[in-house]
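Student: Following this message is one structure expressed as structure tokens.
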Amino acid sequence: MFRFVCVLFIALVVFCTTTSAGELVCNRPNEEYRCGSACQTTCATLGQRCPIMNIRCNDACYCKEGYARYGDDTGMCVSISQCNSKRSAIAQILRSKQLSKNSGV
């Protein structure tokens, strides 16, 4: 029985070490594969610290330096200057909707 358990354990170790996940392919514009934070840099979270503390970094596709994801963690990487202009455009639309609502139009 002991011999069977040892053989099973060794087989499990060999299986686990040979079936590790392959490297992700990051082929979208301004994106690269690296080991990084648990939080993606997004336009909505620029300048904020990631609230998740990792023991080890995460292997994933991240935006290159100077870029952030537009939308959620899977959005396209856009330049940080585009984040600010898109935020301004959205804020302006919301303000105009609020003004038209207040004026009864």
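The backbone N, Cα and C atoms fix where each Cβ goes, glycine too.
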Student: With reference to Swiss-Prot, which of the candidate residues Cys50, Cys57, Cys61 participates in the disulphide bond with Cys26?
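Tutor: Disulfide pairing in Swiss-Prot: Cys26 with Cys61.
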Student: Choosing among Cys63, Cys83, which residue does Swiss-Prot name as bonded to Cys77 by a disulfide?
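Tutor: Answer per Swiss-Prot: Cys63.
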Student: Which one, Cys43, Cys50, Cys57, is listed by Swiss-Prot as the other cysteine in the disulfide with Cys83?
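Tutor: Between Cys83 and the options Cys43, Cys50, Cys57, Swiss-Prot records the bond with Cys43.
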Student: If you pull up Swiss-Prot, which of Cys16, Cys57 shows a disulphide to Cys35?
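Tutor: Of the candidates Cys16, Cys57, the one Swiss-Prot pairs with Cys35 is Cys57.
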Student: Closest of the disulfide-bonded residues to Cys35 (disulfide bond), Cα to Cα, picking from Cys26, Cys43, Cys50, Cys77, Cys83?
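Tutor: Among Cys26, Cys43, Cys50, Cys77, Cys83, Cys26.
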Student: On the DSSP side of things, how many residues of the domain 'TIL' (26-83) fall into helix, strand and coil, could you say?
Tutor: 7 helix, 19 strand, 32 coil
Student: Could you state the CA-to-CA distance between Cys50 (disulfide bond) and Cys57 (disulfide bond) to the nearest Å?
Tutor: 12
Student: What is the interatomic distance between the Cα atoms of Cys39 (disulfide bond) and Cys77 (disulfide bond), given in whole Å?
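Tutor: Cα to Cα, Cys39 (disulfide bond) and Cys77 (disulfide bond) are separated by 14 Å.
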